[in-house]
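Under the heading signal peptide, Swiss-Prot lists 1-20, citing sequence analysis as support. Residues annotated as topological domain 'Extracellular' in Swiss-Prot, with sequence analysis given as evidence: 21-237. Residues or ranges marked as domain 'Ig-like V-type' in Swiss-Prot: 29-138. Per Swiss-Prot, the feature site 'Interaction with measles HN protein' maps to M29. For N53, N57, N102, N125, N150, N155, N189, N217, the entry in Swiss-Prot reads N-linked glycosylation site. What Swiss-Prot lists as domain 'Ig-like C2-type' is 144-223. Annotation comment: Swiss-Prot describes 238-258 as transmembrane segment. Under the heading topological domain 'Cytoplasmic', Swiss-Prot lists 259-335, citing sequence analysis as support. Taken from Swiss-Prot, the feature phosphotyrosine applies to Y281, Y307, Y327. What Swiss-Prot records for 325-330 is motif 'ITSM 2'.
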Amino acid sequence: MDPKGLLSLTFVLFLSLAFGASYGTGGRMMNCPKILRQLGSKVLLPLTYERINKSMNKSIHIVVTMAKSLENSVENKIVSLDPSEAGPPRYLGDRYKFYLENLTLGIRESRKEDEGWYLMTLEKNVSVQRFCLQLRLYEQVSTPEIKVLNKTQENGTCTLILGCTVEKGDHVAYSWSEKAGTHPLNPANSSHLLSLTLGPQHADNIYICTVSNPISNNSQTFSPWPGCRTDPSETKPWAVYAGLLGGVIMILIMVVILQLRRRGKTNHYQTTVEKKSLTIYAQVQKPGPLQKKLDSFPAQDPCTTIYVAATEPVPESVQETNSITVYASVTLPES
């Protein structure tokens, strides 16, 4: 191919690409300015620029529409009004307010479904001007939270994996940095995870997790070394076992002492009963007038002897009964 022809073809392709980048289907403009706002807040969309604002007085009709994409052939009408006519705008949807003085569209309590392309058309007698912009809504990011997801200790070093998370926010980007450092830490693919290997020389290190999206940012600091300190319960389990063993021994000693005390009380009661046993000797003699008659019976003892062993009452705890023996000598009456 002729070099001049090749150059001409290249120029034509360049113009085609430039035209396609500026216009979509039906000649719609593609390079719409992008407006970023916070989700849920009131949004004001300036649907104009200086040149359109100057020619607004010559317009006979204004239409504001919204589309989910520039390639979509269907648009939702939001505002339709004639500047020369008095009265409120027509077809004004809920939560919308149009300010004619500066051609600004207000959206109350913005929602995700409000995202899209907003187009304003100014119709004149013989011409039409169009202006568009793209609205993107983002949820504000909350304060991040840093947690230790994994910890290992070996040879005096501590290896940690930190995780940084947020409860609220979309399209969130994460970055890590050290408070005393001059250069940010760069985990793989700006991950919310950070791996650290620390030693005693890093005891004062403080790390910062920063979260951000196109409309907001927030950060949180974290000192990991306190979580790496040696836990006595982990490194000295023998102390726990020694304490348990000592407790068991003390319980056994107390049980033995109680048993010995009970046996001592029982022996004391038995000894006391034996010591306090009394023997009573009683002698009974018949009246005097019979003394003469009894002389004829020298072999018989005129006296009666009674032996009685008396004991004190036995405590209730002692169930053994003591027997009482009575020895009596009885003489026969005189016939």
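Here, residue 1 is simply the first one shown, and the rest follow in order.
Using N, Cα and C of the backbone, Cβ positions are placed for all residues, glycine too.
Projection of Swiss-Prot feature records onto the structure.
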| residue | record | Cβ contacts under 8 Å, 6 or more apart |
| --- | --- | --- |
| N125 | N-linked glycosylation site | I60 |
| N150 | N-linked glycosylation site | T159, L160, I161 |
| N155 | N-linked glycosylation site | none |
| N217 | N-linked glycosylation site | V141, T210, V211 |
DSSP state at N102 (N-linked glycosylation site), helix/strand/coil: coil
The domain 'Ig-like V-type' (29-138), counted residue by residue under DSSP: helix, strand, coil: 12 helix, 51 strand, 47 coil
Number of Cβ atoms other than its own within 10 Å, given for N102 (N-linked glycosylation site): 11
